[in-house]
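Undergrad: Next up is a structure, given as structure tokens.
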Amino acid sequence: MSRMAVLAFCLAVPALVWGIAQGGLPPYLLHILALACTYAIPAIGLNIMLGYAGLVCLGHAAFVGLGAYTLGILAVDHGWSFWGALPLAAVVAGVAGGALGAVTLRLRTHFFMIATLAFGLVLHAVMNNWEELTRGPVGLPGIPRPEGFTLLGLDFAFRRLPDFAAFAVGATAVAFAISALLIRSDFGRMLVAIRQDETLAAAKGVNVTAGKVLAFAIGAAIAGAGGAVKAAFLRVSAPASFEYLEGINLVLIVIIGGAGRLSGPLLGALLFVALPEYLRVAAEWRLVFFGVALVMLMRFAPEGLAGILARVFRRRAAAA
Amino acid sequence: MLLEARDLTKNFGGVRALDGAGFAIAEAGIVGLIGPNGAGKTTLFDMIAGRQFPDAGRVTLDGRDVTGLPPERRAALGLARTFQECRVFPEWTLRENLLFAARPRSFASALLRAFTRQEALPGGAAARAEELLRLATLDAYADAPASILSFGQRRMLEIASALMTRPRWLLLDEPAAGINPGLLDALGRFLRRAHADQGGLFLIVEHNMEFIMGLAGRIIVMHQGAVLADGPPEAVQSDEAVIEAYLG
């Protein structure tokens with residue numbers, strides 16, 4: 001990453017967050033923006049697993065759910081603040097991800113995918129049925145928005161929709177920055193080496209198992225943090241938000257946006273949430289639309305939206 | 001002892017692939033490992049590299065027992081290998097392929113460095129990569145992805161990448177296979193020059209007799225899962241048992 005890009009990121013994100021918080025945007029737009037962020041953060045985590053380490057996880061919604069329920073249970077039943085529960089939401093999901101990785105990674109290709117799908121189904125069943133802990137199918141209501149605080153003489157508040165949307169964008173930017181730093185490091189290089197050729201990576205001294213388990217733990221931890229943001233946005237943590245279809249949606253978001261590209265999950269999540277709203281298509285048609293889009297993309301542009309954009313920019317730069 | 005394989009035995013179902021095969025190599029040099037198809041060369045080779053593990057027997061590197069060690073741990077000791085099917089990282093440029101070989105391997109320190117943005121590439125790695133690209137006559141493609149290379153060029157890149165870390169043990173699995181005969185001389189020169197430059201042991205499994213006899217100072221012949229003959233190329237070529245095994 002060039003110094004310029006880092007500088008631009010560090011200036012643009014606070015400006016964007018401040019601009020959103022100042023209001024002016026219609027509530028409907030803010031709502032869509034915040035919702036897109038609750039998909040973008042878990043998708044950033046999934047991109048580390050799927051896009052960089054090459055591990056297709058179909059149960060990613062379960063990690064989002066673990067984060068959401070960690071926040072819900074701690075905040076509603078035990079009076080924790082959002083800020084105290086957020087790191088724990090990431091840790092709980094991360095530990096679950098590492099554990100799932102450790103037991104399933106000896107499986108290959110479709111066997112591995114089925115195992116991750118089963119994990120998602122099992123966790124969804126637990127959310128639905130462990131009524132003492134999760135309140136069952138109706139979910140855990142009354143999750144508070146993050147508490148306001150004062151830092152360096154500036155007041156931060158999150159209760160109003162513009163403030164929360166600004167917070168969600170900021171949180172997405174932080175998740176993006178973490179994934180960018182990881183991917184541009186030797187850690188990211190080792191993951192990409194594993195995806196390209198496991199046997200060769202091992203011969204070059206890469207501990208393939210450790211790399212995959214770490215990719216799973218980190219991807220799940222980011223998803224858990226995203227789950228906490230989602231629960232704070234919806235004010236409720238209910239099993240329906242974390243069923244296996246949501247896990248498939250996250251895979252679609254990453255692939256359509258551009259797997260293995262840093263901006264892929266952001267573009268995918270924006271499109272996934274905003275486009276059906278714009279087209280006024282009923283929610284049930286969303287999967288049909290994305291199924292068709294997926295087939296088209298795989299056929300004509302397997303590198304996803306981010307890949308298409310990168311190609312356009314390169315051609316522009318070459319022409320200029 | 002630089003490398004020792006002792007009494008290696010391996011069964012696949014009812015087939016005995018290795019039947020007490022063993023040899024010892026005390027000195028640095030280029031050693032050829034030959035034998036008819038099914039002699040057990042690849043199985044033996046994979047056991048030294050850590051891709052397969054023996055039912056019985058031991059492999060030692062510098063006297064250290066590595067029989068059960070996975071490939072990445074052997075790489076950390078200074079062992080590098082190439083593959084019969086030729087493996088490079090196709091999405092990366094040639095330079096990235098070479099530099100990756102020189103980068104540190106600890107996930108813990110890689111995660112820490114990710115957030116401090118420290119460069120971990122050892123000093124001299126970049127110069128070494130340029131030198132190897134030139135020796136392998138690949139410098140014109142340094143910034144092209146490895147996927148565009150021809151098979152022969154890919155083979156040169158694979159060997160160059162294995163040489164990046166100046167391995168103490170370099171295992172080459174049929175480097176001449178699939179190479180245009182006109183390029184064999186260049187490949188031989190490249191390997192001889194690399195060995196003269198860095199020393200260590202080059203252990204080469206090979207089917208091309210002319211190529212290996214001109215390159216290796218010592219030839220180990222395998223037959224039916226065991227070592228049949230072991231000595232300088234001239235002695236091995238006139239050995240009755242070896243001629244029998246190849247013709248019979």
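Start at 1 and count along the chain as shown; that gives each residue its number.
Just so it is clear, glycine is given a Cβ too, placed from its N, Cα and C backbone atoms.
Feature annotation from TrEMBL assigns transmembrane segment to A:29-48, A:55-76, A:82-103, A:110-127, A:164-183, A:213-236, A:248-275, A:287-310.
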Undergrad: Pairs of Cβ atoms less than 8 Å apart decide it: which stretch in A:82-103, A:110-127, A:248-275 has the most with the transmembrane segment (A:164-183)?
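TA: Ranked by Cβ pairs under 8 Å, first place goes to A:248-275.
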Undergrad: Under 8 Å between C-beta atoms and at least six residues away from its ends: which parts of the chain pack against the transmembrane segment (A:213-236)?
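TA: Beyond its ends, the transmembrane segment (A:213-236) has Cβ neighbours at 34-35, 37-42, 44-49, 52-53, 55, 57, 60, 63-72, 82, 85-86, 89-98, 100-102, 105, 139-146, 158, 164, 168, 171, 175, 178-179, 182, 187, 191, 242.
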Undergrad: Mind pulling out the one from A:55-76, A:82-103, A:248-275 with the most Cβ pairs under 8 angstroms to the transmembrane segment (A:29-48)?
TA: A:248-275
Undergrad: As a test: from A:55-76, A:82-103, A:110-127, pick the stretch that has the greatest number of Cβ pairs under 8 Å with the transmembrane segment (A:248-275).
TA: A:55-76
Undergrad: Take the transmembrane segment (A:82-103) and find every residue of the same chain, 6 or more past its ends, with a Cβ under 8 Å from one of its Cβ atoms.
TA: 59, 62-64, 66-68, 70-71, 74-75, 116, 119, 144-147, 149, 212-225, 227-228, 232
